Amino acid sequence: MFRHFISLGVVVHLILIYAIFDIYYTSPLVRGTTPHPISHEAGLADRLVLFSADGLRSRSFYEHSNKSPFLHDIIRNGKGSWGVSLSHVPTESRPGHVAMAAGFYEDVSAVALGWKHNPVPFDSMFNRSRETWSWGSPDILPMFAANHPHIHTFTYSSEEEDFARNDAADLDKWVFDHVKEFFETAWNDKELEKRVRANKIVFFLHLLGLDSNGHGYKPYSEKYIDNIRVVDEGIQNIVKLFDKFYGDNKTAFILTADHGMTDWGSHGSGTDDEIVTPLVAWGSGVTESATKRTVNQVDLAPYMAALLGSAVPMNSVGVLPLEMLKGSPRYRYRAAKANLQQMVEQYSVKREERFQHSLPFLFKDYSSFSFSVLKDLYTHLDHIVEKRQLNNAASFCLQYIPRIRDALLYFHRYQRASLGFAVAMTFISWILLIYSVVARCSSLPSLDSSIFRPSASFIGCLTTAFLLLLVQRLPFSNHIYVLLPIWLFSVTFNIYKSSSSLPQFSVLHQKIVETYQSRNLSCHHSGMLIWFIRTSVCGITLCVFVISFTNRSFLSLMTLLMMAYPKLVQTNHLPRWNRAWYACCGLLSVFPQLDTVGNSPSPFLCFLAPLTISAGLFFTAEKMGKWTLPRYLAMFHGVSSIFIGIQLITGSTPWIATAYAWISLPMAFVIPTMAYNGIVERLLAWSTALLIPYTLLSIAYESMFLILFTCLLGVFVRLEMSHLSDLDFLRISFSADASRKKLDSAMDDIHGSFALREWFRSFMLVAFILLGFFGTGNIASLNSFNPSFLRMFLTVFSPFTMAALVVFKIAIPFVFVAIAYTSILHQDRRGVPRLSILVLIITNTMAMVFFFLLKDDGSWLDIGMSISNYLISMFASLFVFVLLHCANFLFPLEFSDLLKLIQNRIDGAVV
């Protein structure tokens, strides 16, 4: 029966994982809207040229005005409009270009579908044009041209985008040269010339050189700054080309950028250097002013639509920058009204969609912009127009757009609260179910399949909920989110009911009642106080666990709280070991306050760590007497220290050091099998052997951290066996066969109420896992991984090998934790599965908290980290279960067993 619950747990977890993408990460784009053209005839400009200088930050452009004399002449002499365009996180190329051309921010559904192409079809300025010709990167242009034959793209090869090339400005020169060739062809091709001379035409020049040079050489480099000159000269030549070809002054030009860049050559987050980009517009229909303007990137889409007289892209949420538009009052009013109508169209469709999928008496409109407000808006607008106050009418139209945008967001997230509540109930019901299954008294009869059938009252609840969902015509996934927790609660109730109806439970219940009735009031209050304190401690601990994911500093608080552990659980006094525990906790609390290891390399500490281990092993060897393995391990660590010192002094890695580094990987798993089968000997052998490759993979203080972390685990093992004397503790042996048989049989009988010590062990296990990972780094630090950190192993770039080495390094602290717990639980055949269940309860509770901390806005790093935190918590129990089973196999493994295993593998391969 327990295997049925395992299968059920897999299904529940899969549903909870799918739920975050279904509830949080769906496309905000509204379908079913119709376009509202500004003018069916000519606009203020017949054609528009959009220059996108990918990766050009505003600060670099304006501080180096001497590098762009043509553009700054327009700015200084008021020949156009200029200022800054504010992009939006994530500041990446795809969402940046979508924002300027389509007018909406990042579509978060891309988180599950990749970032190179928009996850769903969308409308853009290029769609609204009669024809568009574009030149530039193969990563950007195709996403606008897909399924649109009137959008023509000319791209260079992906290989030419190499960040390490001599000068990426050649990419921009390629674009300018090919535009020139295009117009030379148009001079000789009458059909093409006729198409090019039509109105509502867009030319899009995507200039990737600045982004490539910024990544490769940084934005303060000469190559990046000189690339600005290349762009300026290219734009000047394009303007001359258009003047020569057309000669009608009916062309509008816009220069901007999709995003900026940090000083260290990255983008994606929300710093000023990444968000603030330059904006220069000139030509037909553009206001000529020396005043600096600030617009949002999404405002460019309605602005370009107003210049051409075309419809605003249907999914745009931008506001027309009216002060940059030079036209008659009537045209400006029509442009503003078209912008308003396009937003109202989205609002009406989205609101109607939510209304149709809600019960009418429960539907809640957006308070700041309801249908009644919309009616009053149009009435007041007509009144202003009747008075011929067209400029006021245009401004009136635009002032409501931000409120409509907020209403769109409100309706996009309309069901998030109710579905979030359903998901929370699923977590709670699942946790109660698994606890009630395992915590049943082992003397009670086994459960049968009847517990999965809901009682009459729960059938009524399920039927009512199903009918309500059916009336609202909600998606099938919503039915699962609502009905699943009701059914799980029914199973939990059936388990409780089946237990309470049994004689054994009745007798137990009667004893509890009698005991309770015999107590006086003060004892009752004392019991309540103890329960309240324990619950509060658990709640505070869980809060610290959750906050530690995003703030490493809280790990220091966690390690300080761990100091109380010896006083809480040990049955006799071990003053020396207690002091060792306090010292380890105190020293480890310092590390979370330091920078992550990727930000502050410390070669000397890398050299010092294996020396420290070697000295400790020699000292241990003297104490151990005849046991020679510590001496060999000490020599290996001494050799590691020598090779690290050579690399530190010379700056290069000799081939023999690389060979030794690779040999240390299998050696770390072979050497411990030669140790005696005593628990202390095995713990020492496994920890020090795995530290050999770990020190060679280290770049800063993480080796010193792991030494202290290993000592803490060793002391923890000793405190968990505090009922033994030191001599008895040293004599404990470990039987491999007995251990495996016990673990196999434990799965069949894990029932029984959880003791307080088991809860302590499970909380400590989660604390050790968090400390092992976040003690030296975090999820974000993995993104800043530098390949040079693996210099002892690799001298050439090999992404898969590098990833494998990084994963191996991250896993070593977890292996230490698993080995420590294996040694503790070696005599308790039910310990591993019961511990895994408690960890599941703890981590699922954390996952429920992380569900409500998920982000669907901000940088990809912020969004990705919120998802990672949730998924890590969801998979933690499975990870711990597998890890403990692996440790249970490896920890007692002897060298003779290893040879037999290898021989069997060879014999099997030969056969």
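Placement of Cβ uses the backbone N, Cα and C atoms for every residue, glycine included.
Caution: TrEMBL annotation is automatic and unverified by curators.
Source: prediction; values computed, not measured.
The feature transmembrane segment is assigned by TrEMBL to 300-322 (among others).
The domain 'GPI ethanolamine phosphate transferase 1 C-terminal' annotation in TrEMBL covers 407-859.
Sequence annotations record features per position, and here TrEMBL assigns transmembrane segment to 451-471 (among others).
As annotated by TrEMBL, transmembrane segment applies to 478-496 (among others).
Per TrEMBL, the feature transmembrane segment maps to 528-547 (among others). Same-chain residues lying 6+ beyond the ends of the transmembrane segment (528-547) with a Cβ under 8 Å from its Cβ atoms: 554, 557-558, 561, 759, 763, 766-767, 770, 842, 845-846, 849-850, 853.
Listed as Cβ neighbours of the transmembrane segment (602-620) (distance under 8 Å, sequence separation of 6 or more from its ends, same chain) are residues 630-631, 633-635, 637-638, 640-641, 644-645, 648, 684, 688, 691-692, 695, 698-701, 703-704, 707. Marked as transmembrane segment by TrEMBL: 602-620 (among others).
Summarising the annotation, TrEMBL assigns transmembrane segment to 632-649 (among others).
According to TrEMBL, the transmembrane segment annotation covers 655-676 (among others).
Outside the transmembrane segment (705-721), and at least 6 residues removed from its termini, the chain residues within Cβ reach (under 8 Å) are 565-566, 569-570, 574, 577-578, 580-581, 584-585, 587-588, 591, 609, 612-613, 679, 683, 687, 691, 694, 729, 732, 761, 764, 768, 771-772, 775-776, 812-813, 816-817, 819-820, 823-824. Look at TrEMBL and you will find 705-721 (among others) tagged as transmembrane segment.
Listed by sequence, the residues of this chain that lie at least six past the ends of the transmembrane segment (763-782) yet keep a Cβ under 8 A from its Cβ atoms are 538, 541, 545, 548-549, 552, 555, 558-559, 562, 565, 588, 591-592, 596-599, 700-702, 705, 709, 713, 716, 806, 810, 813-814, 816-817, 820-821, 835, 839, 842-843, 861, 864-865, 868-869, 876, 880. The transmembrane segment annotation in TrEMBL covers 763-782 (among others).
According to TrEMBL, the transmembrane segment annotation covers 802-823 (among others). Long-range Cβ contacts of the transmembrane segment (802-823) within its own chain (Cβ-Cβ under 8 Å, at least 6 residues beyond either end) map to 665, 679, 682-683, 686-687, 690-691, 693-694, 697, 706, 709-710, 713-714, 716-717, 734, 739, 761, 765, 768-769, 772-773, 775, 782, 785, 787, 790, 793-794, 835, 879-880, 883-884, 886-888, 890-891.
Summarising the annotation, TrEMBL assigns transmembrane segment to 835-854 (among others). Panel annotation: around the transmembrane segment (835-854), residues 9, 16, 19-20, 24, 420, 423-424, 427-428, 430-431, 434-435, 438, 542, 545-546, 549, 750, 754, 758-759, 761-763, 765-766, 821, 825, 866-867, 869-870, 873-874, 876-877, 880-881, 884 of the same chain, lying at least six beyond its termini, place a Cβ under 8 Å from a Cβ of the stretch.
Sequence annotations record features per position, and here TrEMBL assigns transmembrane segment to 870-891 (among others).
Across the residues of the domain 'GPI ethanolamine phosphate transferase 1 C-terminal' (407-859), the predicted structure has a mean pLDDT of 84. Among residues of the same chain six or more beyond the transmembrane segment (300-322), those with a C-beta under 8 A of the stretch's C-beta atoms are 29-30, 33-39, 41-48, 50, 85, 99-105, 122-125, 127-129, 199-200, 202, 252, 254, 256, 279, 281, 284-286, 293, 332, 335-336, 338-339, 342-343, 345-346, 394-395, 398, 401-402, 405, 408.
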